[in-house]
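Read through the structure below, which is laid out as structure tokens, and then see the notes.
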Amino acid sequence: MAAEDVAATGADPSELEGGGLLHEIFTSPLNLLLLGLCIFLLYKIVRGDQPAASDSDDDEPPPLPRLKRRDFTPAELRRFDGVQDPRILMAINGKVFDVTKGRKFYGPEGPYGVFAGRDASRGLATFCLDKEALKDEYDDLSDLTPAQQETLNDWDSQFTFKYHHVGKLLKEGEEPTVYSDEEEPKDESARKND
């Protein structure tokens, strides 16, 4: 009866008797390709989100200790550009922030690296990333339009929330504030913990 079934279907007896599914998979190039793809995808799923060796943060320096509160002149601030000193500070709207944890953005190679160690207020308010837009002396920002001042206030709020406020930017001739070790600025309580 089996011979009659084979003759009725017109199939080769060797195809029906030996190998079955495995024989079909390994003799068809398309099936081999699909099997290889399935194995590759399974490997990726099992391997999961393990970072590749080049994606690791081994080249990142360890976090720096929290900077004590103090005030800065524009000249003193310039030292904290991520090159001369590993810490990166920026002034916005008269406030100085430690943006070291945002090194990828504000470090020497970052898209906002031009602002490191500088008063970034004018550049952020006017959306200008040119070094020429930044002043070397204290910038009173009195010539900003109301829209630019509002933009600057938005940046100020974002930095206050995200980064450690370490002091203020001093005008020429202004005396620095003496801060106690325990003193935290009033806006620190509203800021998210690091």
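Just so you know, glycine gets a Cβ as well, placed from its N, Cα and C.
Lifted from Swiss-Prot, the feature list:
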DOMAIN    71-170  domain 'Cytochrome b5 heme-binding'
MOD_RES   T73  phosphothreonine
REGION    50-70  region 'Disordered'
REGION    172-194  region 'Disordered'
TOPO_DOM  44-194  topological domain 'Cytoplasmic'
TRANSMEM  25-43  transmembrane segment
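For the domain 'Cytochrome b5 heme-binding' (71-170), residue counts in helix, strand and coil come to 40 helix, 18 strand, 42 coil, using DSSP. Its Cβ taken as reference, T73 (phosphothreonine) is surrounded by 16 other Cβ atoms within 10 Å in the chains shown.
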